[in-house]
Amino acid sequence: MVPVIALVGRPNVGKSTLFNRLTKTRDAIVAEYAGLTRDRQYGEAKWQGRTYIVIDTGGISGDEEGIDAKMAEQSLQAIEEADAVLFMVDSRAGMTAADQLIAEHLRKRNKRSFLVANKVDTVDPDIARAEFSPLGLGDALPIAAAHGRGINAMLEAALGIFPRDDEGEEGEGEAEVVAEGEEPKRVPGPSEKDGIKIAIIGRPNVGKSTLVNRMLGEERVIVYDQAGTTRDSIYIPFERDEDKYTLIDTAGVRRRGKIFEAVEKFSVVKTLQAIQDANVVIFVMDAREGVVEHDLNLLGFVLETGRALVIALNKWDGMEPGQRDYVKIELERRLMFADFADIHFISALHGTGVGHLYKSVQAAFQSAVTRWPTSRLTRILEDAVQEHQPPLVNGRRIKLRYAHLGGANPPLIVIHGNQVEAVPKAYTRYLENTYRRVLKLVGTPIRIEYKGGDNPYEGKKNSLTERQVNKKRRLMSHHKKAEKKRRDKKR
């Protein structure tokens, strides 16, 4: 499971600077859910091939209202959700009363905490360690977040306590080579044992719990329910029509005898972890409310992680025909960026349309993990280029030579050629749509990566042989004589 790291500390100690450095915010998946997260900011980060989630909390001043009152706003929940805490202090300002209150709270919560002394670029690290040793959280890890100093050592300490998942998900990452002439194939992964892992996500009160109960209803064969390693998330294997699935529930469903009691409990961390761990995401929206901003935020995270997607519009049965038409128009307008996903209009309460979700889940999963030979992908590229050539760059045509599969879940197609760094985004979208249409991909994002061929002669001066030099001299002499004869003739 993806580790969760919370950044905690009083105001202006550099939490946001460290957050931006860890997540590389320009490229990172950063989601801010106002009103739901109480101003906490969540981001996905990677270090040495490991993925983890970072929570940037608000500053804690420790004023007369007390540490608990302040932390209840945002930081207390972040600490509870986190696997480990990076407690940041300011080396320049030294230890304060607020630092002592926060350290005391962390010790009481018995959380895995690492003391991080920021801004050591102008302070001796040994002095900083001695300054904060009374906090009782071990030796401080000295860093300079603004300049990136000490970050690797800090991450080594914080992430080293978690087991490395070296196995990963089969079907992800680098794809194995499919021999020329072979048919596309799907390679069995861990999901063959536990079934396709489905995460049902969405805003609070859109009907996630009702849908979970409906999918695990009396007509289904429930094998067992087992608490996962994530806080309050439950992994529930079940079968339907002899197909195996594992439902990742983030709504707090608990089994009591034959009754599943649903407790609506929204947690951004649980949602993000469920998305990361799933093969397919069923995204639930409330048809009566249409598409709202929080839906777009969550959908954006799903697309960035590359997970296969099925959209379910719940509470459809109670709507008038005019309302339904309006919602469909809004969906088409606002969800253009996810137009590859199947949309189902359902009633989780009455079961209407729920059974059709499984067909889309299967299709999305197959599209996400199927592998194609290089010959097929290259032929599709050649046909696409012949139909619509890439633009000219400085008078030279961009050349796309061949394509191969670079990964799956989501499919990654690597295209080799010349001047590929100049390929416009519009042309990349054209290629994505072409591959999606020809390969009949549904329910999964598709990614295209370009690789250019290095010019072995770049930066090298061409040296001529003696024979070539003599030939060049003769040609130049001949050219001069011909030019002189032409001028004399004009006179």
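Just so you know, glycine gets a Cβ as well, placed from its N, Cα and C.
Per Swiss-Prot, the feature GTP 1 binding site maps to 9-16, 56-60, 118-121. Annotation note: Thr57 (GTP 1 binding site) sits in a coil segment as assigned by DSSP. Its Cβ placed at the centre, Thr57 (GTP 1 binding site) has 25 other Cβ atoms within 10 Å.
In the three-state DSSP reading, Asn205 (GTP 2 binding site) counts as coil. According to Swiss-Prot, the feature GTP 2 binding site maps to 202-209, 249-253, 314-317.
The compositional bias 'Acidic residues' annotation in Swiss-Prot covers 166-181.
Residues or ranges marked as compositional bias 'Basic and acidic residues' in Swiss-Prot: 182-191 (among others).
The compositional bias 'Basic and acidic residues' annotation in Swiss-Prot covers 452-464 (among others).
If you look up Swiss-Prot, you'll see 470-491 marked as compositional bias 'Basic residues'. Counting only same-chain residues 6+ beyond the ends of the compositional bias 'Basic residues' (470-491), those with a CB under 8 A from a CB of the stretch are 464.
Summarising the annotation, Swiss-Prot assigns domain 'EngA-type G 2' to 196-369.
Within the model, the domain 'KH-like' (370-454) carries an average pLDDT of 91. Here Swiss-Prot flags 370-454 as domain 'KH-like'.
Annotated region 'Disordered' per Swiss-Prot: 164-191 (among others), in sequence order.
Residues or ranges marked as region 'Disordered' by Swiss-Prot: 452-491 (among others).
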Please name which of the binding-site residues listed here, Gly9, Thr57, Val120, is nearest in space to Trp316 (GTP 2 binding site), Cα against Cα. Thr57
So if I draw a 10 Å sphere around the Cβ of Trp316 (GTP 2 binding site), how many other Cβ atoms end up inside it? 21
For Asn12 (GTP 1 binding site), the spatially nearest of the binding-site residues Gly202, Asn205, Lys208, using Cα atoms, is Gly202
As a whole number of Å, the Cα atom of Lys208 (GTP 2 binding site) is distant from the Cα atom of Thr57 (GTP 1 binding site) by 27
If you measure from the Cα of Asn205 (GTP 2 binding site), which of the binding-site residues Gly9, Lys15, Thr57, Val120 is the nearest? Thr57
